[in-house]
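Marked as domain 'Bulb-type lectin' by TrEMBL: 56-182, 185-305. According to TrEMBL, the feature domain 'Apple' maps to 367-447. Taken from TrEMBL, the feature domain 'Protein kinase' covers 541-787. Among the features that TrEMBL reports, transmembrane segment is placed at 483-510.
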Amino acid sequence: MSVARAMELNFEIPSKNFLGMACKVCAFGTFNNAFTVFLFLCSCFCGFCDELAIVSVPLGFEISGVYRNTLVSQNGIFAFGFLEGCQKDDDVDGLLVGIRYNLGNDAANVPVWTVGGGLRVSRNSTIKLSMDGRLILFENLSGLIVWSSNTSTLGVERASLLNNGNLVLMGSGSNSLWESFNSPTNTLLPDQSLHFPQTLRAPSKKSISSYYNFVIRRSGELALVWESNVTYWRTHLGLSASTGEARFDADGVLGLIDDTNRTVWSAASKDFKDPSVSLRHLRMDSDGNLRIYSWDPQLHEWKVGWQAVENQCEVFGACGLYSLCRFNSTGPVCDCLHQDLVDQDIGLSAMDASSFGCKKMVDLGNCKMNTSMTVLQQTVLYGVYPPQDVDMMLSEKACRDYCSNDSTCIAATSKNDGSGLCTIKRTSFISGYRSLSAPAVSFLKVCLVPQAVSARRADPYLSKPIPMQSKGFIHHEGGKKKFVGAIALIVFVTVSAFLTIETLVFWFLYRRRQMKAQTRIPFGKYDQTNPHYSMLVSLTFEDVKELTANFSDKLGPTTYKGLLPNKLPVIAKMLNDVKANEKDFRLAISTLGGMHHRNLVPLKGFCFESSHRFVLYEYVQNGSLDKWLFNMEGEPNKQSWQQRLDIALGVARALAYLHSECQICVAHGNLKLENVLLDEKLVPKLTDFGLRSLLQKETASSSESLSEGDIYRFGEMLLQIVVYKRDVLGDNLRHLADNISEKLHIEDNMDAEVVERVVRVALWCLQEQPFLRPSIDEVMKVLEGTLSVDKPPLVFDFRQDQMDEPSN
């Protein structure tokens, strides 16, 4: 770097804080003459600088995503700055900002902490220690602050990257005011602890393992979980008292410490207390396993010293959907669960293929012949979506027979360890593992494939010759009695054959009449037998009338409750404003029917006729969110604040799935309280989603996309959830950014800091300019508490007059 470039920069750093060589981009301000001469000599001898180890930096220090300068610890082991995607399978765009090792090569320089838990930004971004004491990450062009340390009132004077990898903001007297060790992401360094409710979250990866977490529970138990409802590894302590922390030390020990500072559980690396090992860390990896890594200076690589799940195949969903994991000496190997793929003429969505390329199995409803059971020895299967299997106490044969006779059963696993446990899976989204030590046998229901056999000229049972001499009946003594007996036998056989034919004819006519009645509604094949039937069906208007009892149960202006022949309640929604042609409509419906998410209402069927268009959704029994929030008298139901926050988070996760996890971005297009339904456990489920977006018949305004309109409407919904008011867009919102806690009525069970964070992100969502609004992934992280948010602009315009609701 030239001296001229160094003189252009805009802040001061005392020369006593610089050690060693110079850095990749020396982004510093006004220097004294001695230091300028030092830079000049450095540039003469070594050209471009490699690294400048900075002990501490003052207010105004910044790191550019363009120039990629770094802040290095005094021992040179750790560096803070912009990071490239560090995983080979990481195909997500953008840069990370965080702390990494500084060991010489990309493979060794793994990240140990990231801003916002893995927040991605463009190269045209800057991380800066602002003059008010905040560490902020912002986009250069818009000036939008995407992350902040929220330390503006603490008296921060400088920042330091300590030799243990901890980034610390310090005040006067070198007292620590904020540190990265208090907000771990996916890694623990030596002497770093994990406290309830902190978690280590695996790095983002495009697979079903989007939410692998290492958690410490309130009871003190350590666990590895997938999302929030599947635990696949735990410490099994059974403690009654709360445990203080999980601590990782420099000797390679992960210990669980109780309130009396006593170690109640520990796990050690195999190189425990090895004096030749100087660097270690504990990391939650993207494959769902927790590992202790040790640095090998000879081989210049990280080695695994301990992992929580020894057999990687026992990690939930290790190989993805429709796959089978088996473990050998080289590691886990993934096989497809079944070789028969979906017919090529049937479209597959992104959810129909696992991360290892296995396709969705043929829907049992499409079997041209009957089904058969495939036996998988030493194999355990489990359902992924939803991961809720049904346990029964049955023998192995009874377990197989039960699944074979139950039309809703897709697969079953029988434990042969003496427990008699039989697990039934009623979802086609299944995975599993195979091991020589697995005391289980599984049964997978598949379509029966006819085998080619040689044609036979006659039935072998009828081709045997019957020895008979006709003369014997006449000339042999007693022949008359035999003759009468033969006549009686012939008459009996004839009558029996006649009655059998009559019975078959009657049965055929009865079945034909029954099938004719059933074909009017395509669900007839599984009538009263399969409440989980998931085949998307096409209906006529007459079918819809029959399902809804001639539209007798009206739930809304254009919605009616109905009942399928398989006793599954549904909602039929009339689409008055859809003007698309049949081809586009069917393509859009097919895309929506392939979407599966915990927070989306499943689509069951549709009707497309010249003057009638309907879509059928599964009925959700607790009704819409607006009815839950507001009672009939208009007084708010004082529901739990945590329940409302969980509902808002569920809606955000559904939008994130539609916007970024589907094969194409699908906007909801009609987000409002009435289109958020609650099930019996108050889990939110979005309905009426995506159709307008896919048909491209509606745009929210001339300056924004439908997905940007979703963000705006979600901000409005957040405020409605917080303040219990339907009409929240008005002049009074301009004052919320000044002092939210004084303007809002905070209930006893509401955390004022959390409420303020939720309202802040809601006001950011309501910005007039779409580019100022956060993405739904960022909103979701704010609601989860892994990403902070600044106050929105004090003065901005709401565009409520531009957000007319689409006609129902």
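Backbone N, Cα and C atoms are what each Cβ position is placed from, and that goes for glycine too.
Please treat TrEMBL annotations as automatic predictions, because they have not gone through curation.
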DSSP-assigned states of the domain 'Bulb-type lectin' (185-305) in counts, ordered helix, strand, coil: 0 helix, 58 strand, 63 coil
Per-state residue totals over the domain 'Apple' (367-447) - DSSP helix, strand, coil: 10 helix, 39 strand, 32 coil
Stretch with greatest number of CB pairs under 8 Å, the domain 'Protein kinase' (541-787) reference, 56-182, 185-305, 367-447 candidates: 56-182
DSSP helix/strand/coil residue counts for the domain 'Bulb-type lectin' (56-182): 9 helix, 52 strand, 66 coil
